[in-house]
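K.L.:
Straight from Swiss-Prot, here's the annotation block:
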| type | residues | note |
| --- | --- | --- |
| BINDING | G66, G67, R88, N193 | substrate binding site |
| SITE | K31 | site 'Transition state stabilizer' |
| SITE | K253 | site 'Transition state stabilizer' |
Amino acid sequence: MNESESEIQARLLAQALPFMQRYENKTIVVKYGGHAMGNPELGKAFASDIALLKQSGVNPIVVHGGGPQIGAMLTKMGIESKFEGGLRVTDQKTVEIVEMVLAGSINKEIVALINQTGEWAIGLCGKDGNMVFAEKARKTIKDPDSNIERVLDLGFVGEVVEVDRTLLDLLARSEMIPVIAPVAPGRDGATYNINADTFAGAIAGALNATRLLFLTDVPGVLDKKGQLIKELSVAEAHALIADGTISGGMIPKVETCIDAIKAGVQGVVILNGKTAHSVLLEIFTEHGIGTLIVP
């Protein structure tokens, strides 16, 4: 006999129950970015996932990026994007626009989407409650001809040096869902633009989060046959980087996962944000849909 839609929904909810119990009162940090942010239907599905996590007793925290939107705004305002070693240079004028786009328009759009579900989201950035302090990023690049390393001056691109969890702990005890933009102050009074992945990792590490989810445009880490690897230890991840299985843009993503685990996160997942309800499919099903990296 074919199941009715209501019977299927009931069965799926019953299967999800043990996972709801497993993650009750646990912190899950979700880095939201990639294609999902530009798709209205995926955006609504993401917001409903976050709302359901909260309703299930989970403490969800959203960290978001916004690279394409920043680029579009800079173009609109006639400001040329400059790059050093493939990394965006953020001068004073640019960092003001970065803050406007990240902590302003994008942040509030995500907050509004979650609030439309009936939950209560609040938009923040690293400046709020002195949550995050940063310092100027120190990046180097090796000249392929001379093999000499030189230091890149990326302007107001920062790295997290301190996370104060006080505000986030207060919010965890409330009904509110934090949505955080990766902008933070330095002790020097400057404002810094921080890579959203590393920012999310720092937040998750400071909170000893049970899970950190990276929503990307790919299914996860793939083996040399192109098949999804469901779970990796840190040691196995290092080995796959060394033998070239993990390559290109996936290397910094996996390295960020490893750093987050070293900082205290219990498990980090790279998953496909282009799949509707990807967060629920990862958290509330037995095998998840991405690659789980564990200590």
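The count begins at 1 with the first shown residue.
Glycine too: its Cβ is placed from the backbone N, Cα and C atoms.
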K.L.:
How many whole Å apart are the CA atoms of K31 (site 'Transition state stabilizer') and R88 (substrate binding site)?
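P.N.:
Distance (Cα to Cα, whole Å): 20 Å.
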K.L.:
Greatest CA-CA distance (Å) over the residues G66, G67, R88, N193 that the record ties to substrate?
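P.N.:
That value is 13 Å for the farthest Cα pair.
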K.L.:
Which has the fewest other CB atoms in a 10 Å radius around its CB: K31, R88, the listed recorded positions?
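P.N.:
Comparing Cβ neighbour counts within 10 Å for the recorded positions K31, R88 gives R88.
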K.L.:
Can you list, in sequence order, the residues of the same chain other than G66, G67, R88, N193 whose CB lies within 8 Å of the CB centroid of the substrate site?
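P.N.:
Here the non-site neighbours turn out to be G65, I70, G71, T90, V98, L102, A196.
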K.L.:
Could you check the binding-site residues G66, G67 and say which one's CB has the fewest neighbouring CB atoms inside 10 Å?
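P.N.:
Each of the binding-site residues G66, G67 was scored; lowest Cβ tally within 10 Å is G67.
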K.L.:
Distance between G66 (substrate binding site) and K253 (site 'Transition state stabilizer') at the Cα atoms, whole Å?
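P.N.:
Given the Cα positions, G66 (substrate binding site) is 16 Å from K253 (site 'Transition state stabilizer').
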K.L.:
C-alpha of K253 (site 'Transition state stabilizer') to C-alpha of G67 (substrate binding site): distance in Å?
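P.N.:
For K253 (site 'Transition state stabilizer') versus G67 (substrate binding site), the Cα atoms are 16 Å apart.
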K.L.:
Quick check on the recorded positions: of N193, K253, whose CB has the lowest count of neighbouring CB atoms inside 10 Å?
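P.N.:
Per-residue Cβ counts within 10 Å for the recorded positions N193, K253 bottom out at K253.
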K.L.:
Through the lens of DSSP with three states only, how would you label G66 (substrate binding site)?
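P.N.:
For G66 (substrate binding site) - judged by DSSP and reduced to three states - the answer is coil.
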